[in-house]
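Working notes, beginning with the structure itself.
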Amino acid sequence: MISPFLLLAIGTCLASSLVPEKEKDPKYWRDQAQQTLKNALRLQTLNTNVAKNVIMFLGDGMGVSTVTAARILKGQLHHSPGEETKLEMDKFPYVALSKTYNTNAQVPDSAGTATAYLCGVKANEGTVGVSAATQRSQCNTTQGNEVTSILRWAKDAGKSVGIVTTTRVNHATPSASYAHSADRDWYSDNEMPPEALSQGCKDIAYQLMYNIKDIEVIMGGGRKYMFPKNRTDVEYELDEKARGTRLDGLNLIDIWKSFKPKHKHSHYVWNRTDLLALDPHSVDYLLGLFEPGDMQYELNRNNATDPSLSEMVEMAIRILNKNPKGFFLLVEGGRIDHGHHEGKAKQALHEAVEMDQAIGQAGAMTSVEDTLTVVTADHSHVFTFGGYTPRGNSIFGLAPMVSDTDKKPFTAILYGNGPGYKVVGGERENVSMVDYAHNNYQAQSAVPLRHETHGGEDVAVFAKGPMAHLLHGVHEQNYIPHVMAYAACIGANRDHCASASSSGSPSPGPLLLLLALLPLGSLF
């Protein structure tokens, strides 16, 4: 057995050989720092425009360690060492931290957090679009405790609105933008207890169609929740799990179509080919449901049937951008979370890289002068990478030494808990005997669980555009939609907004400019 200290020495020598030649010159680092300083000084001129458009990117489960690992992966996919690479979100000028706890949970779930960053109110774990007075699964605690979201505020202000996700469109994150439910798992009436149905609560798919009937763009998965029980799926005809689930016999696709004005152009699509064939200039309403449940992982995606997140975002913006009053768009990279829960770091990180590409796509189609873009996560995961890996080490590779306890190698990526816990012959599995670069490899974990858990630490908030500087420190998660609404002059706090301009968008008044110069503590 090679000494772990010898392996560490070999790794150190290897790391030294990987240093790019330009980085050996102190001038490289000084020049880089001086340019960064110049860019920072330019930020003293605050962007106090009114945000005509607001785009929120939500990386579900995208904690800081996931952001860093995704950055390295992005660089390595472009044949670089990776560490020096910039994600699109890295280029945003303002960064804050968000405290993610739910009102009843130290480590949160995606439902209570979605209520916070969309509705501006912290809530209990497992509930969406309701205050903390609502108890999970208790239908009779819902009425009177509903809270509305920034999507509703934007719609009430005359803006177009859209939802794009890689999960089901009635999953936790998107549902908080339109639904009020005591349980995030009430996807259709099939998943609801008889008591909740008898008390008058409605499932989330039903609420998607009835609560805000004129959402312009809805794209993601979740087809089966829209059709009557046992209705054969259009794509997976032999798969019983893909069949319709609804007990009430409703066809929500037909209901969606019936709600649209006859003089408007409404389109329902279920595959990538039909989506990309659309002319966004002639689309007023779009419903795209590309899978019975969640969409496929990016690494597994069928290019013929399933669009990428970037493609969905591009189509959404082209449709929403036609409104002279602007738009609000919620984009969720939802399967980052699923990859982590399954212990499949490769799947999770490729999902994060694809979301970053979608962020770049949105940036190319909009302007920081009139579009506020916020990128954040709902929560983190117990995902980490370490082990003194050398520069340019494959993010999915081994640490340069073996354990000094069990004398076995280990991957840089590990989980605090999850399904990757494996004991072979009474000892930790030797990862050199398995394909740890496989797309579905489950990284080793310290504690065995069928599903890895969320992490409880703060998550990053990246912002650019009008009033992005208001996201600047450590904030409660529910603060985020208040900033977005303030920037766009929508919702309840509009005293700083002047009368509408000729384009139909509010213009900043003197009070807005004054408030922007005051310390934030004096504003709230």
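Glycine residues also receive a Cβ, built from the backbone N, Cα and C atoms like all the rest.
The active site, phosphoserine intermediate feature in TrEMBL is assigned to Ser110. Positions annotated as Mg(2+) binding site by TrEMBL: Asp60, His171, Thr173, Glu332. According to TrEMBL, the Zn(2+) binding site annotation covers Asp60, Asp337, His341, Asp378, His379, His454. For 1-15, the entry in TrEMBL reads signal peptide.
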**Request:** Using C-alpha atoms only, work out the spacing between Asp337 (Zn(2+) binding site) and Thr173 (Mg(2+) binding site) and round it to an integer in Å.
**Result:** 11
**Fill in**
In all the protein chains shown, the tally of other Cβ atoms within 10 Å of the Cβ of Glu332 (Mg(2+) binding site) is 29
**Message:** Give me the CA-CA distance between His379 (Zn(2+) binding site) and His171 (Mg(2+) binding site), in Å, as a whole number.
**Reply:** 15
**Asked** Can you count the other CB atoms that lie within 10 A of the CB of Ser110 (active site, phosphoserine intermediate)?
**Response** 27
**Item:** Additional residues around Mg(2+), ordered along the sequence, whose Cβ is within 8 Å of the centroid of Asp60, His171, Thr173, Glu332
**Value:** Leu58, Ser110, Ala114, Thr165, Thr166, Thr167, Ala172, Pro174, Gly333, Gly334, Asp337, Asp378
**Request:** Give the number of CB atoms, excluding that of His341 (Zn(2+) binding site) itself, located within 10 Å of its CB.
**Result:** 21
**Complete:** Thr173 (Mg(2+) binding site) to Ser110 (active site, phosphoserine intermediate), Cα to Cα, whole Å, comes out at 6
**Request:** Spatially speaking, which of the recorded positions Ser110, His341, His454 is closest to Asp60 (Mg(2+) binding site)? Use C-alpha to C-alpha, please.
**Result:** Ser110
**Request:** Could you check which of the binding-site residues (His171, Glu332, His341, Asp378, His454) sits closest to the residue listed as 'active site, phosphoserine intermediate', going Cα to Cα?
**Result:** Asp378
**Request:** For Asp378 (Zn(2+) binding site) and Glu332 (Mg(2+) binding site), determine the Cα separation and express it in whole Å.
**Result:** 10
**Fill in**
In chain order, residues whose C-beta lies under 8 angstroms from the C-beta of His171 (Mg(2+) binding site), counting only those at least six residues away in the same chain, are Ser110, Thr165, Arg184, Tyr187, Gly220, Gly222, Asp294, Gly334
**Asked** Given His454 (Zn(2+) binding site) and Glu332 (Mg(2+) binding site), what distance in Å do their CA atoms have, once rounded to a whole number?
**Response** 17
**Message:** Give me the CA-CA distance between His341 (Zn(2+) binding site) and Glu332 (Mg(2+) binding site), in Å, as a whole number.
**Reply:** 17
**Request:** Let me know the most crowded of the binding-site residues, choosing from His379, His454 and counting other Cβ atoms within 10 Å.
**Result:** His379
